[in-house]
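Undergrad: This is the structure I want to talk about, given as structure tokens.
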Amino acid sequence: MEEQIIQEIKIQMFCDHPNILNMYSYFDDKTNIYLVLDYIPEGDLFNHLQKQKLFQEEQAKFYIYQICLALNYLHENNIIHRDIKPENIMVQNNMLKLSDFGWSIYTEQSRNTFCGTLDYISPEIVNGQKYDSSIDLWSVGVLTYELITGKPPFVGCRTQSQICKKINNAKITYPQHVSQQAQSFINQFLVKDPKKRIPIKIALQHPWLYQINQNLKKEYQTYSQEIQQFFNK
């Protein structure tokens, strides 16, 4: 097995969090490697966003809170995801599960690898600089903007170099419907200097996410009951 695939398996088998897709096992044959993961028939967040065009802020903040919880868990365990985007987030009964750890690494592995998806990568990746877990914070800002407006903040360019230039400028404009609190939340992630980005633990206390915790506890409880009922059939 390739080193990157081995690391992906190790990381995802280690993870145990309600907002991270479970991996139960894996096996291989002469040509392929097969991962045994949660079955999520509702698909990924990208497809849900495509259908709805954009999410109302109440829905978006509920989703972003869950991603922040998953990231907080990863970062506390010295793991960088490196590819946060709607296609890598699964939706099940309004609960999100972060998936696809193919680019994930441990934080002690200093890298300057150009990886991830262009619309979501941070300035330090664009510039070929060494980076840490703060690249995930940048991606959360991009994701939040996209869920609320229907598109990432650094689109509208014809070439990769133009997109990279936009990312480096880190200038964001907002449609009128985006609240001041949402803008404040996003702006604290989309900071060019990685050391000045808001840490996940502090972001979870941001006013924009106020009272989400209690609502999420109810969702967890409902989701757990539905799973239990399924297995008791």
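Cβ coordinates come from backbone N, Cα and C, glycine included.
Annotations per TrEMBL:
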type: ACT_SITE; residues: Asp83; note: active site, proton acceptor
type: BINDING; residues: Glu87, Asn88, Asp100; note: ATP binding site
type: CROSSLNK; residues: Lys85; note: SUMO2 cross-link
type: DOMAIN; residues: 1-209; note: domain 'Protein kinase'
Undergrad: Note the Cβ centroid of Glu87, Asn88, Asp100, the recorded ATP site, then list each other residue of that chain whose Cβ lies within 8 Å of it, in sequence.
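TA: After dropping the recorded site residues, what remains is Asp44, Asp83, Lys85, Pro86, Ile89, Ser99.
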Undergrad: For Asp83, Lys85, Glu87, Asn88, Asp100, listed as recorded positions, tell me which one has the smallest number of other Cβ atoms within 10 Å.
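TA: Least crowded of the recorded positions Asp83, Lys85, Glu87, Asn88, Asp100, by Cβ count within 10 Å, is Glu87.
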